[in-house]
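Some notes on the structure that comes next.
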Amino acid sequence: MELVIDRLTKQYKNKIAVDRISLTLKEGVYGLLGANGSGKTSLMRMICGVLKPTSGEVKFNGIDVSEEEYRDSLGYLPQNFGYYPEFSAYDFLLYLASLKGLTKHQAKLKATELLELVGLSESAKKKIKTFSGGMKQRLGIAQAMLNDPKILVLDEPTAGLDPNERIRFRNLISRLGKDKIVLLSTHIVSDVEYIASTILMMKDGQIIHKGRLDEIIGVIEGKVFECSVDSKRVNYLIDNYPIINIREESDKTFLRLVAEKPPCETAVTVPAVLEDLYLYYFNEGGKKS
Amino acid sequence: MRNNLKDLKRELKAAFEAPTPTRKNEFINQLNDPKARQIDFFISQIGYIRKRVWILSSLLFLGTLAGLYFYKVSTSFVWVLSSVLPFIALVSISEIVRSITYNMEELEMSCKYNLLEISLARLGILGITNFTVLIGILLVFNGKTDFGWIRLGIYLITPYLLNCYGSLFAINRLKSREAMYICGGVTALVCILSTLLKVGINDIYTERYLLFWGLTFIVLAVLSAKEIVKLIRRTEELEWNSSLTA
């Protein structure tokens, strides 16, 4: 099972949303991390065939993204999706099952099973317009899995979920990644940290880092420092180093920052986490030391 | 005997705990579940056409029958009927562009039978329905007017086509769901225009204006077809939203 993305580009007038991305994805969970406007959604839309690339191609096991057979292997949760106002959760799933080529009998079984899986069984007959954001999102996740897809693309899947729902969702995705290619985008760093086997970091339409969590963090390992300094020193450090975190304490200011060498005498190096790397690249336009 | 078997099954269940299934998904994936065929998909879409389309179409046909039963056929009758037909066009168009109106297009584009196929299915179903209603009306009019079938068809369909063109023109150029309100306005305008023509030009349904009707019919049919093609092309790809990479 192989999803090949070859020199994929999306240009709109003078703006390059996705810039010659080449990737080969196999079974596993891939976390696409990037700030708003980095090109995540455009990339995902092209992978799902809803946006035509300016150049490049997407193929799954040799099948082009534009083919019906490709879409038959695809499950997609868009960032924002609507619904027909008269639909209940169950109707919504039956409708999408009909578009995904399931027979009536399969559709009924699958809809019931998935509503149970996402914890919406009791609300199955309720109109979607009465649902909370989290319930809508769970329904969106359920519809993406109706056809038991080989490729599952989830754009900001945890948006609107409460902490409990997010943990349930993470566990569900981790299990799915065993026999599927799961690509999920988010700017919630912890989601990616917990469930993604491979992290893809995207900036200005390009993949700037790709690898396992430990590989990707290696870029700034030994460069993350924490220190508590007085107010005079704070401004100097803020102006000269990428700051990860600032916390006012009683008489000093606590800083977590990235630097090549200790930025002050009291600074101590601490283990890097993914959030450090994320903020290092995406904080204040990516100011780096 | 049967009860004994049932008892045995129950006792076995109670005695042994069933092991957790292993490689269940692999096994299920091996099974080749029959997939729905294209024709099943098309038929399933009939069920998703809203009731109002069927109700309005039936009311129009039954209303015509009742009108013919109670009243004598006159040009006013033709005018009333031709002014009502644009409403059928309005509900049909609102059905075809429903995905865009309710922000379902992205989800539908990613499905096996994608937005293009869904739109074509809806277009086909509603086209057949509207055509059947029109043919039905023409049939019940048979022999009750001095107009021939073609002439009567042109009188009835021209306002319908004007509404189709106006509504599709608005939908293809406006990106918001508010386009449907504009379509409602277009339908109202077509009705008003039809009334003004009938009131202003008393002999509008005479042979004197036949060329005008014929040419208008052809021009509107061509323009509507062009707008339909534009709408279909629109369903092939999501419109790029610059706010995504702002």
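Glycine is no exception: its Cβ is also placed from the backbone N, Cα and C atoms.
Unlike curated entries, TrEMBL annotations are predicted automatically.
Per TrEMBL, the feature transmembrane segment maps to B:53-71 (among others). Only residues 6 or more beyond the boundaries of the transmembrane segment (B:53-71), in the same chain, are considered here, and those with a CB under 8 A from a CB of the stretch are 77, 80-81, 84-85, 87-88, 91-92, 95, 126, 129-130, 133, 136-137, 140-141, 144.
Within the chain carrying the transmembrane segment (B:77-97), a Cβ under 8 angstroms from the stretch's Cβ atoms is held by residues 49-50, 52-53, 56-57, 60, 63-64, 67, 71, 119, 122-123, 126, 129-130, 133-134, 137, 145, 147, 152, 155-160, 162-164, 167-168, 171, 179-180, 183-184, 186-187, 190-191, 194-195, 198, 205, 231, all 6 or more beyond its ends. According to TrEMBL, the transmembrane segment annotation covers B:77-97 (among others).
According to TrEMBL, the feature transmembrane segment maps to B:118-141 (among others).
Distant neighbours of the transmembrane segment (B:153-172): 78, 81-83, 85-86, 88-90, 93, 97, 100, 134, 137-138, 147, 179-180, 182-183, 186-187, 189-191, 193-194, 205, 213-214, 216-217, 220-221, 223-224, 227-228, 230-231, 234; these residues of the same chain sit at least 6 beyond its ends, with a Cβ under 8 Å from one of its Cβ atoms. Residues or ranges marked as transmembrane segment by TrEMBL: B:153-172 (among others).
As annotated by TrEMBL, transmembrane segment applies to B:179-197 (among others). Beyond the transmembrane segment (B:179-197), the same-chain residues lying 6 or more positions past its ends with a Cβ under 8 Å from any Cβ of the stretch are 79, 82-83, 86-87, 89-90, 93-94, 97, 100-101, 159, 162-163, 166-167, 170-171, 204.
Feature annotation from TrEMBL assigns transmembrane segment to B:209-225 (among others).
Listed by sequence, the residues of this chain that lie at least six past the ends of the transmembrane segment (B:209-225) yet keep a Cβ under 8 A from its Cβ atoms are 151, 154-155, 157-158, 161-162, 164-165, 168, 201, 203.
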